[in-house]
């Protein structure tokens, strides 16, 4: 009598085996995933069959073919006209950046974002940098308090604690005064806001929306794709962008994380137009409830006239799982490959892909000073172990790694050569590059780059230097944790 797997196994085991085979076939042949992501999903499916199957259903949707955004809108028609003018100027070899050094050296960075990211280049912007939550929220609340026409807000996380209540009360107050208030938040990150607070905002004349909400009431198959953006636009003239969410922990009031070290920008100037456009595109994903009535007669209410003045060059660049180009990551790579002196990186998570790793290795082997700063404590333990693995690999090539030891480092900053910088919501990790909806400001201004460089060096004084010796001394248990975490890095 002969036996086979199918005669010995239970019907359920056979079912799971067949399902895994089918899903493996789908992952390998039908879905355009990276090799790293493909290997990770296959491993997960076969090590933990049932749980892996459930996770795959919830976390592995491909959005690159989905039409999430509406572009046939009055405001977008005007924006596209400006884009065409700038593209033509570059084709005609005209200089669109006022700074001659920037115009010459970073022309192709600007052109890339114009062509692929559809990001306008604007020169006349003033920038304030905030690294402390109290300073940032004082500035934000003051700007909202002084708003006269519109307040548009988009955040990943809004907690309903001391700061969150004050935040919601201020928005409700401004709506009651007749200011157009629109609040947009991520479906997961906004779950802390009670319905009573949202209803009060609505009854006062304000509006709220959930970014790209799930079509199913109790099952969200889009769990893996989060609106990670943190942007605010006041009266169409003033914008905020960076890493701070809304909640007491971002003021350093939570003992677990301690002092919260982040980076946020206040921008006054034409870059606010780009943030406004980003907000409107995202707002229109939130359903029929969140209607916009913009036309040729009232468009100046949202895009007001501003005097031309000297200031920082900025492009507001957004990326998401609906776009296969990963434009923020590609923008980082262009900055890294342009470097001649130094590269400074601050990120709470450093779980990146081979393209970033290779670009940094080439820079290191070319004599570029590469410095990376990460937190001293994890808010996601597996990601932290994977982070140590990736920075450890770069240490072998000569990178200088610092572990910030004065609280939790949440800043997302890249600075190159005292010339250009990038600040926003995008971490140096695979999730930010390919799964989250992110927005960053790419800044072409030596003065701002130097300020961010100086902030980095002040942070070094509050950090531990993580050198080759320290990395090699880590325990065998830590090495195993790093290896396992890195193996599943594309899924983290």
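Each residue, glycine too, has its Cβ placed from N, Cα and C.
Copied over from TrEMBL:
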type: ACT_SITE; residues: 228; note: active site
type: ACT_SITE; residues: 230; note: active site
type: ACT_SITE; residues: 235; note: active site
type: ACT_SITE; residues: 410; note: active site
type: ACT_SITE; residues: 412; note: active site
type: ACT_SITE; residues: 417; note: active site
type: DOMAIN; residues: 223-250; note: domain 'PLD phosphodiesterase'
type: DOMAIN; residues: 405-432; note: domain 'PLD phosphodiesterase'
type: TRANSMEM; residues: 12-30; note: transmembrane segment
type: TRANSMEM; residues: 39-59; note: transmembrane segment
Residues near residue 417 (active site) in space but at least six apart in sequence (CB under 8 A): 338, 339, 340, 341, 342, 449
Distance from residue 230 (active site) back to residue 410 (active site), taken between C-alpha atoms, in Å: 13
Residue 412 (active site) as reference: those active-site residues from 228, 230, 235 with C-alpha within 10 Å of it: none
